[in-house]
């Protein structure tokens with residue numbers, strides 16, 4: 001059957017929901033050859049994944065995921081993005097997770113090691129001294145007690161082992177970059193989700209709505225960022241239950257002066273680690289902290305703890321400079337030692 005799906009995809013035809021679910025069951029259960037996996041991933045990429053295809057694949061990912069037994073999901077958010085931006089920024093969404101948690105919002109930070117960037121969220125978490133491969137029960141306890149738990153994708157998506165090597169060998173972004181943020185194992189109902197392509201903003205928002213998200217922002221910085229940008233305009237899709245509104249924002253809308261790309265560039269793991277520590281310790285007074293605060297502002301507004309993004313930015317800066325974000329890191333490090 002997989003050959004029939006490959007033929008259809010390579011002819012530029014969309015798969016139905018049932019076909020896509022069947023195809024992803026085949027991939028996730030290790031029933032496809034390397035050549036077939038490569039053909040499916042590149043074929044879908046060349047064709048362009050439909051909303052129905054993405055949501056069907058995400059449903060299979062969610063079904064097969066190991067669940068995280070968080071006690072209170074009422075205001076649980078994830079800041080996992082697709083990765084693969086074109087600018088090589090530092091780990092904005094990971095630092096943002098600490099800031100959000102520092103203000104008392106519970107975060108289930110889903111992430112992985114780098115696949116298409118220099119330094120993934122799992123890489124930076126590990127460098128910060130956080131144990132990344134906690135059991136589902138330990139991660140749930142970290143979320144409930146500390147306010148932040150890291151959900152290392154391979155622990156929660158064991159079926160992904162059947163495609164991870166092929167993804168790395170292909171070396172380009174595929175549907176799996178999109179599916180990761182759509183498959184939070186803790187069932188977070190709020191999201192700040194950055195995507196690497198402006199053409200994904202509205203489709204991913206529609207997928208989130210289909211998957212039952214309560215409120216989310218799907219964002220793409222127009223210079224190629226999977227974050228809210230402080231250097232140029234950002235395309236935004238705001239998801240509020242079944243309602244979706246798409247619009248553009250610029251840094252000046254929030255009282256933030258535009259930065260240059262050099263102001264927000266990251267580097268290798270050591271370089272990004274130092275940036276993360278400087279921001280979390282409240283030592284950084286550069287545009288990097290503005291960048292994190294802007295993204296945290298959107299996250300705070302998504303979850304409903306502030307009335308506006310601008311108010312969220314102020315809350316983010318207050319959380320950073322009062323060392324509350326760093327306190328979350330210290331608690332997570334301590335918890336990691338006992339975990």
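Cβ atoms are placed via backbone N, Cα and C, with glycine included.
The structure displayed is predicted, hence computed values, not measured ones.
Features of the protein shown, as given by Swiss-Prot:
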- 81, 112: anthranilate 1 binding site (BINDING)
- 81, 84-85, 89, 91-94, 109-117, 121: 5-phospho-alpha-D-ribose 1-diphosphate binding site (BINDING)
- 93, 227: Mg(2+) 1 binding site (BINDING)
- 167: anthranilate 2 binding site (BINDING)
- 226, 227: Mg(2+) 2 binding site (BINDING)
Residue with minimal Cβ packing [other Cβ atoms within 10 Å] among the binding-site residues 89, 93, 112: 112
List of residues, in chain order, with Cβ under 8 A from that of residue 110 (5-phospho-alpha-D-ribose 1-diphosphate binding site) and at least 6 apart: 78, 80, 151, 153, 156, 180, 181, 183, 184, 185, 186, 188
Which binding-site residues sit within 10 Å of residue 81 (anthranilate 1 binding site) - Cα, from 89, 113, 167: none
Cα distance (Å, whole number) from residue 226 (Mg(2+) 2 binding site) to residue 93 (5-phospho-alpha-D-ribose 1-diphosphate binding site): 9
From binding-site residues 89, 112, 113, 167, the one whose Cα lies nearest residue 227 (Mg(2+) 1 binding site): 89
Residue from 89, 112, 113, 167 whose C-alpha is spatially nearest that of residue 226 (Mg(2+) 2 binding site), among the binding-site residues: 89
Other CB atoms within 10 A, centred on residue 167 (anthranilate 2 binding site): 19
Cβ neighbour count within 10 Å of residue 81 (anthranilate 1 binding site): 29
Cα separation, residue 112 (anthranilate 1 binding site) to residue 89 (5-phospho-alpha-D-ribose 1-diphosphate binding site) (Å, whole number): 17
